[in-house]
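Q: Straight out of TrEMBL:
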TRANSMEM  25-44  transmembrane segment
TRANSMEM  72-90  transmembrane segment
TRANSMEM  96-115  transmembrane segment
DOMAIN    115-179  domain 'Mechanosensitive ion channel MscS'
REGION    265-286  region 'Disordered'
COMPBIAS  272-286  compositional bias 'Pro residues'
């Protein structure tokens, strides 16, 4: 654009966008590019806020997963806005798209484990095979679920160790959820010398029913598993809440022992064998 000469002054020439950039640019294209970036920033901001509200609407979505998803959504919208803005400025976006695809492929390969864990976290938190507070066992570790995040399932074992299980491993390996149905069954064995089976079975059953924490439905069952001329072995099966299995089994063993204390022959009450709880590794020697 040329400015008409003013008396006493030399003519001043204002360069156009084409002269500055060497591209076929216009002020309208530049304005549209700026407007596109502003709109993309606003859309990214409100889209991120919308994703962050998901935990309040869906109980299975954790705040950690929502935060990671919101960050990815914001980045995607901003990158899309940059591409549209460059198109308004007359840039050839095909090389940029090809470069972005190459970078994305490299990142996916380099961060495959992170991507696998994030994808598994989406499945775990939407399908909800486990929830916070469940008593679960996976990969040889058993404990209470404390947190579900974008990377791992955090459980606390019986001896107070926090174990971080990768989401992809939890999803791909067998998973035991002792809390899903709201009740669990356990059993104790009772060895009796010189048994009177009718009397002893009823004595053991009544003691199990009276034990603290034992569910009334289904009712406890006592069966004879071995019988010899001078001895017999009974097995008492009972249901209880999965929140405190060791405490309920201990109550049953105590109650049955108290009920058998006055009988003539010898006796023994054994709980089921349990694997040792995983422990933290010993500190390294310096």
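Placed from the backbone N, Cα and C atoms, the Cβ positions cover glycine too.
Any TrEMBL annotation is an automated prediction that lacks curation.
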Q: Please indicate, using numbers and ranges, the residues of the same chain that are 6 or more beyond the transmembrane segment (72-90) and have a C-beta under 8 Å from a C-beta there.
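A: Those are 23-25, 29-30, 32-34, 36-37, 39-41, 43-45, 47-48, 51, 96-97, 100, in sequence order.
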Q: Given a Cβ distance threshold of under 8 angstroms, which distant residues of the chain, six or more beyond its ends, lie next to the transmembrane segment (25-44)?
A: 17-18, 73-75, 77-78, 80-82, 84-86, 88-90
Q: Report the DSSP secondary-structure composition of the domain 'Mechanosensitive ion channel MscS' (115-179) as helix, strand and coil residue counts.
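A: In the domain 'Mechanosensitive ion channel MscS' (115-179), the DSSP-based counts are 19 helix, 25 strand, 21 coil.
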Q: Give me the mean pLDDT over the domain 'Mechanosensitive ion channel MscS' (115-179), rounded to a whole number.
A: 89
